[in-house]
Amino acid sequence: MLDERTILLVLPILVLQIALMIFALVDLIRNPNPNGPKWMWAAIIVLLNIIGPILYFVIGRRNY
Amino acid sequence: MKQFSTLLLKEWRENLRNFKIFWIPVVFILLGVTEPLSNYYLPQILDATGGLPDGAVIELPDPEPEQLLVAVMGQFQLIGMLVLVLAYMGSIAGERRNGTATLLYVRPLSYVSYFLSKWLMASIVALISVWAGFLAGYYYTAVLFSAVPFGEFLAFAATYSLWMVLVVTLVLFASASMQNAGLAAGFTLAALLILQLIDSLFGSRWEWSPLKLPNYAASFLDIGPDVTALIWTLAISLVCLIGLAALGIWFSKRNRAKTKV
């Protein structure tokens, strides 16, 4: 099932997911006052694919 | 004009530094890519989850590429819109709270420039996201299934873009008029939900409504929309957009007293 074609097709998704994760982690490290403990947000960002970084940006960032 | 470009530069920097200009398009691209891809791998996914008994044969018809793009639009209507609303709910209400507003409001500030700079930046991010997402979806559909005629695709995405700009205007209006960001998001989502419900229940009685923009966008991929209805819908949408922006400017001026110092 994991032939070359599949890998090529899914690779962009993987790259985007990792990019999203890195954006969120960089922002978390820079953020002096996130909405909750930093280690918790780091775990959410790394463990939950796609949803984790979005949750952090929307809830954890305290941009309101 | 000078004030506007200065404020726009501020908005640009803000969107760059809080990564909004990166992460929102990435979310839309992911939404656009997953739809064709999961349809393509549906047989394998069914196989892997082992839901079928031995001997059962299902013929899965190949989905039409048009259907896939409409499905991508459905994702944007749900998750995409939620992300945009939540990302921009605080753009004015939040500034009143976190102190940015005190720095701005003590100066002789043109509220037109203030509101429009925010509106322009949010619209740019929304448009980049929608187009990036649709192009990714278009590309994957073309590679895995077959291509939709590009002209139809352009008309589809352009019509849908106007709808997204309208949503962004509504969020900014809510953010200007409400006490805090949470209320603004709640108001926007409730308004969109209720209006869409009304339009889907009774919408057959009228043809001109901004809420029909996504439907008209989708019909470009099919037989094409009724031209007069589309033109009237576009005109009414523009009027709504200008009205909401004007109200937003008025409210952002009136609510400056609610700033926390």
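Glycine too: its Cβ is placed from the backbone N, Cα and C atoms.
The transmembrane segment annotation in TrEMBL covers B:21-42 (among others).
Nonlocal intrachain contacts for the transmembrane segment (B:68-89), taken as residues 6+ away from its ends with a CB within less than 8 angstroms of a stretch CB, comprise 20, 24, 27-28, 31-32, 34-36, 39, 122, 126, 129-130, 133-134, 137-138, 141, 145, 148, 153, 156, 160, 164, 167-168, 171-172, 174-175, 181-182, 184-185, 188-189, 192, 214, 217-218, 221. Taken from TrEMBL, the feature transmembrane segment covers B:68-89 (among others).
If one looks beyond the transmembrane segment (B:119-141) by at least 6 residues along the same chain, the residues whose Cβ comes under 8 Å of a Cβ in the stretch are 8, 11-12, 15, 20-21, 24-25, 27-29, 31-33, 35-37, 65, 68-69, 72-73, 76, 80, 84, 88, 91, 147-148, 153, 156-157, 160-161, 164-165, 167-169, 171-172, 245, 248. The transmembrane segment feature in TrEMBL is assigned to B:119-141 (among others).
Feature annotation from TrEMBL assigns transmembrane segment to B:153-174 (among others).
Here TrEMBL flags B:181-198 (among others) as transmembrane segment. Residues of the same chain lying 6 or more positions beyond the ends of the transmembrane segment (B:181-198) and with a Cβ under 8 Å from any Cβ of it are 81-82, 85-86, 89-90, 93-94, 97, 167, 170-171, 174-175, 211.
For B:229-251 (among others), the entry in TrEMBL reads transmembrane segment.
When Cβ-Cβ distances below 8 Å are used as the criterion, the transmembrane segment (B:21-42) is approached by residues 15, 60, 63, 68, 71-72, 75-76, 79-80, 83-84, 87, 125-126, 128-130, 132-138, 140-141, 144-145 of the same chain, each at least six residues removed from its ends.
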